[in-house]
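Here is the structure we will look at, set down as structure tokens.
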Amino acid sequence: MPRAPHEVTDNRTRRPWRARGGALLAVVALIAAALGTTAPWAAAPASAAPGDPFDAADPLVFVGQEQPTGLYQAITNADGEVEFETEGPTSPVTYNALAYNTDDNYLYAIVNSDDSQEFPEGSLIRIGQEGVLTRVGTETYSTSIVGAFGDDGLYYSARPENDELQVIDVATGALVDTIELSQPMYTAEIGGPDFALLDGYFWGAGSGAITRTDPATGEVTYFPGVFSADLAIAGAAWTFGNGNLGFSFNASGSVMQLAVENPDADAPTFTVVSTGPGPASNNNDGAASPGQPTDLSVDKTGPAALVPGGTIEYTITVTNHGPGNSSGFIVSDTIPEMLLNPDTDEPNCTVAEGTFTCIGGRTEAGTSVDFTISAEVPDDLDPQTLVENTATVSANEEDPDEENNTSTSGGAVPEVQLEKEVASIEDANGNGLTDTGDLVHYNFTVTNTGLVDLSDIAIEDPLLSEPATCPVTDLAAGDNTVCTATYALTQGDVDASWVANTATASGVPSGAEEPITSEPSTTGVEIPAEPELTITKTADPATVDSYVVDQDITYTFLVTNTGNVTQTQVEVVEGEFTGNGDLGPITCPDGAGDSLAPGDSFACTASYTLTQEDIDAGSVENSATATGFPPGGEIPIESPPSTVTIPPPAEPALSVVKTSDTVSVQEAGHVITYSFLVTNIGNVTIEDVTIDEGEFTGAGELEPVTCPAAAAALAPDEEVVCTTTYEVVEADLTGGELSNTATATGATPGGDPVTSPESSTTTDTVAPLPTTGSSVLPIAAIALLLVGAGTALAVARRRGAN
């Protein structure tokens, strides 16, 4: 909307802000330092000719540089850098104090060289399209390097080192006033900067300082230290449509946008909004032209997902749908009262009492301008609360379509909930204990308890080596899914008797990039501790033959952790010992008993030498136990005792396995060899081992069993193979089986008999086929009879037919 004229104390009426603002807002589209966007340039009317006024519908920024002066349009390339595009050929003269007149859409300047009789030094020139020069009037003026049109439509120009402003009516070329300045605008420190009109003052910049010139009073004020002094003198100045000043610096080419607050104050507040690169020049001047109205729409977007305690950013996009270019607009947006601390970094946006007001600049037809505003989400915002926010755009010009002037964005705090539970525990090794390697199966129930859809549902559980599997990963509001995972228990888990872990669920809210996370869900698995030790004591040698005086006996104690928890300080404890001598100390591997995991074992030894008293006693008996401490235990556990006696009680025993070298037999005369594998499975020598044949189904006679010489005395764990044969007779070929059963027998050294269990083997037999050669004649006779009967039958049928 146009701004009302600004009244000043000398009763001057300044021109509305919109009249000059639209033109200068072109810089907003042209210079990346301003808003970082590049607007397309509208083409000049087809009927335009060199020297014609510039198109009032097209906002432009002009820069004059070099000697003689070349006129350029300032545009921004794809890299966001300012480039200058020529506006016609280089001028025949050097001019400066460039200014744009919105009344006739021409540029005006003062000639500063005496290179041309047509345009003498100090003459006023009007500049049209293609940079065509036309002299205005016949008067000459003081040469000038700064110039601008004031609120009164008159052209103000000066040399900064002089102490006066000359005021010219460009319609007539008449010098209408000379304003004495309180001091020159030029100083050795800042040079002679160009100036631009803002809020009734002319403003210039150089070497870090700002100059303010009041055309009503001639008062010139310097404000040092506003920006970097390295930027030196700004030979071109203009005013942005957002109320900021623009400066192009000669030596560096940098383009700066400067915001001024309280311009009438003794110490205005200056803020450097942006600084961007541009072409450098020692002769530098600038001016801008206005734009005109068109239809605008607004589109407000914001995240569907709000983060409690976080900041929510909304983007407001104003789009020009044409047909013309817009000179500016105002966006108004009142945020919902539940949101806190509304804020924005946009230089042309303000916020008061929860309402944002953003002033937009020139917007070409078919282009858009974005604004970003923000607010904080309270920590306690209910996830069931939908937060809706509406933005409205009001164009500076008449808007033919007001239906698209509002846009609403809605969002809510997303929420996901997790419930973790143990589904089952699998006894992986089947030993009946809950121990290392057993599998814990977990269920994770994930529920979308908010109003925002979630995707990429996942479980974060530090206990798991493999991620949980979820049947679906997208959850609409209110939906849930059950994910599953398996964990293998470690020995550390079992020793601790408890597995407690915490998991969270996450999901990415619609329109967001980062996931949200549920409150942790914790579950535990109790593992009953079942500490247990076993010890097995053996002696070597332990035979009857070795039970003699001075025989060295080595006792071995094999200790095994048969429980499910690690045992520490495991020791062997000697029990009852009936020997008459001294049993040697128990020796274990270093550190073997410090920590004994389930399933692990270690062996200790002790030595003893048999005495005559032991031999007289007939035996020596020794027992031992193992002790250890389970995790957290203060009282050790003790294994059952293990006892060994030397010599051990006699336990004579034999086994026999009978086999045949023939699986099936079909002819008489075939010889079957039977083998008998006899093993001494007892602990005493068996003498005179032989084979006793049992039941035999053969029709013939078995040959006698033959055993090797070793069968005369078979020591424990030794074995022999005895054999016999059988020749198959015709009567055996019945199609049945030849079955043979046998036992092994022998005697202990003391003469006690020993017999093994029976062992049997079978061989299949095949019955012979019947002989067919003797049946030829009967069969032939039968055949002749059948032929004769057939002939008689045929004759009978013929007779019957007759």
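The backbone N, Cα and C atoms fix where each Cβ goes, and this holds for glycine too.
Annotated features, as they stand in TrEMBL:
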type	residues	note
COMPBIAS	280-295	compositional bias 'Polar residues'
COMPBIAS	741-751	compositional bias 'Low complexity'
DOMAIN	769-802	domain 'Gram-positive cocci surface proteins LPxTG'
REGION	274-296	region 'Disordered'
REGION	392-414	region 'Disordered'
REGION	737-768	region 'Disordered'
TRANSMEM	776-796	transmembrane segment
For the compositional bias 'Low complexity' (741-751), how many residues does DSSP put in helix, in strand and in coil?
0 helix, 7 strand, 4 coil
Long-range Cβ neighbours of the compositional bias 'Low complexity' (741-751) (under 8 Å; 6 or more residues past either end):
650, 652, 654-656, 658, 674, 676, 678, 684-696, 705, 711, 714, 757-760
Could you tell me what the rest of the chain brings near the region 'Disordered' (737-768), counting residues at least six beyond its ends with Cβ under 8 Å?
650, 652-660, 662-666, 672, 674, 676, 678, 682, 684-698, 702, 705, 711, 714, 726, 728
For the domain 'Gram-positive cocci surface proteins LPxTG' (769-802), would you mind checking the mean pLDDT of the predicted model?
43
